[in-house]
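Asker: Can you keep this structure in mind? I'll have questions shortly.
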Amino acid sequence: MRPLTEDESKAVFTKLANYIGKNLIHLIDRKDEPYCFRLHKDRVYYVSESSMRMSISVARPNFVSVGTCFGKFSKSGKFKLHVTALDHIAQYAKYKVWIKSNGEMPFLYGNHVVKAHLGRITEDTPEHQGVVVFSMSDVPLGFGVTARSTVDTRKLDPTAIIVFHQADVGEYLRDEETLF
Amino acid sequence: MQDAALEGSDEEIDMEGEEETAEAFHLPTAEERAEEKNHVADIHVVQRRMRECVRVLGNFRKLGANGRLRSEYVEQLVSDIASYYGYNDFLAEKLFQLFPVSEAIEFFEANEVSRPVTIRTNTLKTRRRDLAQALINRGVNLEPIGKWTNVGLQVFESSVPIGATPEYLSGHYMLQAASSFLPVIALKPQPNERVLDMASAPGGKTTHIAALLQNTGIVFANDANKARTKSLTANVHRLGCKNVIACSYDGREFPKVMGGFDRVLLDAPCSGTGVISKDSSVKVNKSERDFHLLSHLQKQLILCAIDSVSPDSKTGGFLVYSTCSVTVDENEAVVDYALRKRPNVKLVDTGLGFGRDGFTKYRGKTFHPSVKLTKRFYPHVHNMDGFYVAKFKVEKRAKIKAGTQETGSTNAVDADEQQDVGFDSDEDKAFIEEGKRIQMKAKGLRVPRRRQSDIAGKVVKAAA
C-alpha cells in the first residue's frame with residue numbers, strides 16, 4: 001500500500017471531478033477526520049488516516065481491503081471508477097438524474113437510462129456530463145454520463161437514451177468476482 | 001418364520017388403524033436387525049417402531065418388555081433415526097445424546113423443516129420502519145422478528161426475489177439468519193472501539209458490528225479463506241461500512257498481526273450441526289475425526305482470540321465465542337478448555353434474554369460451573385438455527401507465584417502414589433524434580449534454576 005503518485009492522483013481527481021466538480025475539495029479536506037487515498041495492487045482506496053495507520057500492520061499478501069475502494073487503474077494507466085465509490089459521489093454530486101420505479105430494474109441490470117424512465121433531471125445539465133442516478137425515493141442506484149443536455153432531452157422520443165450506463169449497484173451481485 | 005409372522009400381525013393392526021399396539025410391539029433382536037440390514041426397510045415400519053421406542057423409553061420401568069435392556073431400545077431407536085432421517089450412525093447417536101428421548105425426535109424433525117427467512121436492517125442507511133414500508137410496497141409480506149432485536153425482520157412470502165431488490169442492492173438490508181444476530185448482540189460493541197471479527201466471511205456479523213459502531217472506531221474483518229473474502233468485501237462496500245479493514249490470515253496468527261482489541265468475536269468454524277436444515281450434507285459427511293479436528297482448531301482459535309483482547313480496555317475487554325453447532329465438544333468443552341488454560345478470563349452473562357443454559361455436566365464430563373452462563377439455541381425450541389454463544393471478560397493477568405501452588409498439589413499426589421505402589425521418593429527425587437521442571441516448562445512457567453544435588457542425581461542416572 002502506498003500513496004498515489006502525482007500522475008495517478010491527477011487521473012483519479014479528474015475522474016471524480018467529472019461527477020462532483022468543485023465538491024472534490026470536500027472529499028480531500030474533511031472537517032471530521034483527515035482522509036487519504038491509498039493504492040494497493042491496482043486498486044485505489046479512500047480511507048481515514050486512523051484506519052490507514054492500523055492497516056499498515058497487515059502484510060501485503062494478506063491484505064484484502066480497507067475503507068472504501070474507489071476504483072482501479074487499468075494496465076494502460078487509465079482510472080476506472082467502481083460502483084463502490086457511489087456513496088461518496090452521491091453525497092456531493094453536482095448533476096443528478098432520478099428514474100421512475102419502472103426504470104429501476106432495467107437500470108440495475110446494466111442498461112442505459114431511456115427517456116421513458118426518466119423522472120427528473122437537474123436543470124441545465126450539459127451533454128457528456130457525469131451524473132449520479134437516483135431512484136425517485138432518493139436512493140443512489142449508480143452513475144453514468146448524459147447523452148444529451150437537459151434542453152435537448154425535451155424533444156426526444158421515449159426510447160432514446162438519456163444517460164449512458166457506467167456503474168450500478170447491481171454489480172455487487174453480477175460482478176462480485178471481478179469487482180474486488 | 002417368526003419374523004414373517006410378526007410382520008404379518010403388524011400389518012393387520014395397521015389396517016385396523018388401532019393406536020393401542022403396546023402388546024403387539026416387539027423390539028427386534030440382534031439377529032432380526034442383522035437380517036433387516038440386508039433389505040430396504042419399510043419406512044412405515046421404521047416410523048412406527050420409532051414411535052413405540054420413544055413411548056417405551058418414556059416410562060421404561062412399566063412399559064419395557066421383560067428381559068430386554070434399555071440400551072437395546074436406545075440402540076434400535078438411534079439406528080432407526082439414522083435410517084429414517086438419513087444420518088450416518090455416528091452423528092445420529094451424537095445428536096441423540098444431547099436431548100431427552102422425546103425432545104431428540106423433535107430436534108430431528110425440526111432439522112427437516114427450513115427456518116424462516118430473516119433480514120437485518122442496515123442502520124447505517126435506513127430505519128427498520130422505512131425499510132419495511134419500502135418492501136411491503138414491493139409485495140413482500142413481513143413482520144418484526146421479536147422483542148429481542150430492533151433491526152430484524154422476518155419475511156413470510158415475497159413476490160420478488162428478496163436478494164435482488166433495489167433496496168438490497170443499495171445496501172439497506174442484509175439477508176441473515178436470526179441466529180447470526182445473537183453473537184453481535186452479545187458482543188455489544190460501543191462506538192470508537194477496536195473490534196476483531198476472526199472468521200468473518202460473508203460479512204453478516206461484521207457489517208452488523210460496523211453498524212453498531214456507527215462507522216466509528218475500527219473493525220478488523222479476517223477470514224482464512226481468501227476466496228470467501230470477496231463476498232465479505234462486497235457486502236462491506238454494499239452496506240456502506242467505511243471503518244472495516246479486511247484481511248486474510250489464519251486466525252491462529254492473530255495476536256501477532258495485531259492485538260489490543262476492545263472486543264473480539266470468534267464465530268468459529270464448526271461442524272454445522274445446528275444448520276442441518278440449511279445444509280443437509282452435514283448428515284452424512286461428518287465423522288468422529290472431523291469433530292476431533294474441528295474442536296482442536298476451535299481450542300487453538302479461542303486461545304488466540306483471548307490473547308488478542310486488550311485487558312486494559314476501558315470500555316470493553318470482551319470476547320464472544322459462538323458456533324452454529326449444537327454438540328458439546330465444540331461448545332462447552334472448548335469454553336471449559338479456555339477457562340482452564342487462561343486463568344485471567346471469566347464467563348459473563350451474554351445479555352441475551354432467552355436460550356437454554358449451557359451444560360455444566362455432560363456424559364461424565366464436568367465443566368466449570370460458570371459454563372451455565374453460556375447460551376444454547378435449538379431449532380425446535382426457538383425456531384432459529386442451532387447456535388451457541390459464550391461471552392468472556394478478559395482481565396489483567398495476575399502475577400501468579402509459579403510453583404507454590406503447583407508443588408503443593410503434586411506433593412499430595414506423590415504421597416498417594418507412595419502408599420499405593422511403594423516407591424522410595426528419596427531415591428527418585430532427581431527424577432521427580434526433573435519431571436516437574438518439564439511439566440512447568442510445558443505450561444510456560446519460569447523454571448527455577450537447577451540445584452547442585454539435582455545435577456549430582458543426573459550424573460548418577462547417566463552412570464546407571
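For all residues, glycine too, the Cβ spot is worked out from N, Cα and C.
Unlike curated records, TrEMBL annotations are generated automatically.
Note that the coordinates shown come from a computational prediction; the quantities given were computed from them, not determined experimentally.
As annotated by TrEMBL, domain 'SAM-dependent MTase RsmB/NOP-type' applies to B:107-395. For B:Ala199, B:Ser200, B:Ala201, B:Pro202, B:Gly203, B:Gly204, B:Lys205, B:Asp223, B:Asp250, B:Asp267, the entry in TrEMBL reads S-adenosyl-L-methionine binding site. Residues annotated as active site, nucleophile in TrEMBL: B:Cys324.
Help me see these features in their spatial surroundings.
Answerer: DSSP gives B:Ala201 (S-adenosyl-L-methionine binding site) a coil state; it is part of no helix or strand. With a 10 A radius on its CB, B:Ala201 (S-adenosyl-L-methionine binding site) counts 23 other CB atoms from all the protein chains.
Annotation for B:Cys324 (active site, nucleophile): same-chain Cβ neighbours under 8 Å, separated by at least 6 residues, are B:Ser179, B:Asp267, B:Cys270, B:Gly272, B:Gly274, B:Val275, B:Asp385, B:Gly386, B:Phe387, B:Tyr388. Reduced to three states, the DSSP call for B:Cys324 (active site, nucleophile) is coil.
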Asker: Which secondary structure state does DSSP assign to B:Asp250 (S-adenosyl-L-methionine binding site), in the simple three-class scheme?
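Answerer: DSSP call for B:Asp250 (S-adenosyl-L-methionine binding site): coil, neither helix nor strand.
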Asker: Limited to the domain 'SAM-dependent MTase RsmB/NOP-type' (B:107-395), I'd like the whole-number average of pLDDT.
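Answerer: In the predicted model, the domain 'SAM-dependent MTase RsmB/NOP-type' (B:107-395) has a mean pLDDT of 94.
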Asker: Using a 10 angstroms cut-off on Cβ to Cβ distances, just flag whichever of B:Ala199, B:Gly203, B:Lys205, B:Asp250 is the loneliest among these binding-site residues.
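Answerer: Looking at the binding-site residues B:Ala199, B:Gly203, B:Lys205, B:Asp250, the Cβ with the fewest others within 10 Å is that of B:Asp250.
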